[in-house]
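Pulled from Swiss-Prot:
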REGION    1-270  region 'Amidoligase domain'
BINDING   16, 151, 152, 153, 191, 192, 193, 194, 195, 196, 227  CTP binding site
BINDING   16, 191, 192, 193, 194, 195, 196, 227  UTP binding site
BINDING   17, 18, 19, 20, 21, 22, 74  ATP binding site
BINDING   57, 357, 385, 386, 387, 388, 408, 465  L-glutamine binding site
BINDING   74, 144  Mg(2+) binding site
DOMAIN    295-535  domain 'Glutamine amidotransferase type-1'
ACT_SITE  384  active site, nucleophile
ACT_SITE  510  active site
ACT_SITE  512  active site
């Protein structure tokens, strides 16, 4: 390794969902603003190989990387904050670690030795930490450990990072512990005892946190910080408060004000420039001072859990920022949409978005919403299954193919306008077997897509098995559907549009996965702009 890579490990205590991922992403942004190169990864303690086959209700969105890895939604936060494309090495599960070790044992690679958690599992974990640093040759690798201190599942990861401190030298490792300082309204007090016990548990397995980041709804007084420092064996200046923020992108500035990035640089001996947060400060200012407002209906099947569509939501906000517009999302459960009530449900919106998903639940409601948007000239954006539903709707209601459907959702359909990709027909396993990752797409002239991308060839991330059926291509084109983008060989349809409509675009890929606050995705910029003009 040409650089003396430093390692920051972020753990969490007391309760889950404290924002370890946002803390890690925010630190990455701050270190980049100091001129350092950074990569981030997450270790998840569950035994699934990856989250690709998990229900969104269990895990939220599955975030797909350029190299086709199906990963934790926190990788989306990482990419959006540090503006770097991550890889499969940035998300590792217990399942993947155990699988790799057991596979080696079956091949006889351990020479008949007894395979144990220590050293075999812990060494495999350590290898994956170092792999990220080697892959990018970065100054700092930030690793988030999923789960909560005290969970049995996390112990091998914690033991591995404890060992890394001694493998690479304590001057090259910084431990950050994110914890909760709850406020009891009746007593009018902040309580530090949960933090004390969490750190005690962490220290009992050999890890002394260097910095404690305290989530709280109330400001921590200097006395509270001193108390936490006293019982947790750190200086009060190393206790950082992280108050609830108005929006995610304000968190890096809040943590910088508390001195988090300065402390990390000091502890790791990082010679870095003074921080330049000017661009980020300007972006946060613009987010909080938007001039216009537009309302977008998001019609999906997992709308009860907004994390299932978190990248779509963020991409809409990025598109709004580019248009100086606050995007209000109207969450519509696709199962509730019928031909009888669609006008009532959608009449107050300026645009309709149908995101990706799997399975037939709610599909007819999505198709109704798409019909309404097409017939009422409302800006529409369809993503993945949203594009497939748009093709089905057009085939049924414009081309007149009654019963047209996807062979995935109705194997008996007389008109399978969406069908299984030929290379998928003999695939039996579900995990990691779809068309995944970054693929090129050739755009056609005189289309919405060509206008917003301003490019002939684009690269987008995919996650699907089913595709536009070319047997119906000529019929659909002749009836007015525009094929706006295809694979370079012209075989796979990637983008479709409707003529004589202010904005009707549907794409097979997932544009939301490449949108960044400082570089909003052009499709979302165009869609939000069209919705704003439609008011």
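Quick reminder: no glycine exception, Cβ is built from N, Cα and C everywhere.
Mapped onto this structure are the features recorded in Swiss-Prot.
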{"residue": "19", "record": "ATP binding site", "Cβ within 10 Å": "19"}
{"residue": "21", "record": "ATP binding site", "Cβ within 10 Å": "24"}
{"residue": "152", "record": "CTP binding site", "Cβ within 10 Å": "8"}
{"residue": "191", "record": "CTP binding site", "Cβ within 10 Å": "15"}
{"residue": "193", "record": "CTP binding site", "Cβ within 10 Å": "11"}
{"residue": "194", "record": "UTP binding site", "Cβ within 10 Å": "15"}
{"residue": "227", "record": "CTP binding site", "Cβ within 10 Å": "18"}
{"residue": "386", "record": "L-glutamine binding site", "Cβ within 10 Å": "25"}
{"residue": "465", "record": "L-glutamine binding site", "Cβ within 10 Å": "17"}
{"residue": "510", "record": "active site", "Cβ within 10 Å": "24"}
Environment of 17, 18, 19, 20, 21, 22, 74, the listed ATP site - residues of the same chain whose CB lies within 8 A of the CB centroid: 12, 23, 24, 144, 178
Among 16, 195, 196, 388, which are binding-site residues, the residue with the most C-beta atoms within 10 angstroms of its C-beta: 388
Residue 196 (UTP binding site) and residue 74 (ATP binding site), distance between Cα atoms, whole Å: 27
Helix, strand or coil at residue 191 (CTP binding site) [DSSP, three-state]: coil
Proximal residue to residue 227 (CTP binding site) among binding-site residues 22, 357, 387, 465 (C-alpha distance): 22
Fewest other C-beta atoms within 10 angstroms, as judged across 18, 22, 385, 387, which are the binding-site residues: 18
Set of same-chain residues at least 6 away whose C-beta sits under 8 angstroms from residue 192 (UTP binding site): 181, 224, 227, 228, 231
Minimum Cα separation from residue 388 (L-glutamine binding site), reported as the residue among binding-site residues 19, 21, 152, 193, 195 that achieves it: 21
Which of 144, 408, 512, the listed recorded positions, has fewest other Cβ atoms within 10 Å: 408
Spatial neighbour of residue 194 (UTP binding site) that is closest, considering only the recorded positions 22, 357, 465, 512 and their CA atoms: 22
For residue 196 (UTP binding site), the three-state class that DSSP assigns: helix
Set of same-chain residues at least 6 away whose C-beta sits under 8 angstroms from residue 17 (ATP binding site): none
Residue 510 (active site) versus binding-site residues 191, 408, 465 - nearest by Cα: 465
Alpha-carbon spacing, residue 387 (L-glutamine binding site) to residue 22 (ATP binding site), which is rounded to whole Å: 31
Set of same-chain residues at least 6 away whose C-beta sits under 8 angstroms from residue 20 (ATP binding site): 10, 11, 12, 144, 145, 146, 178
Mean predicted confidence [pLDDT] for the region 'Amidoligase domain' (1-270): 93
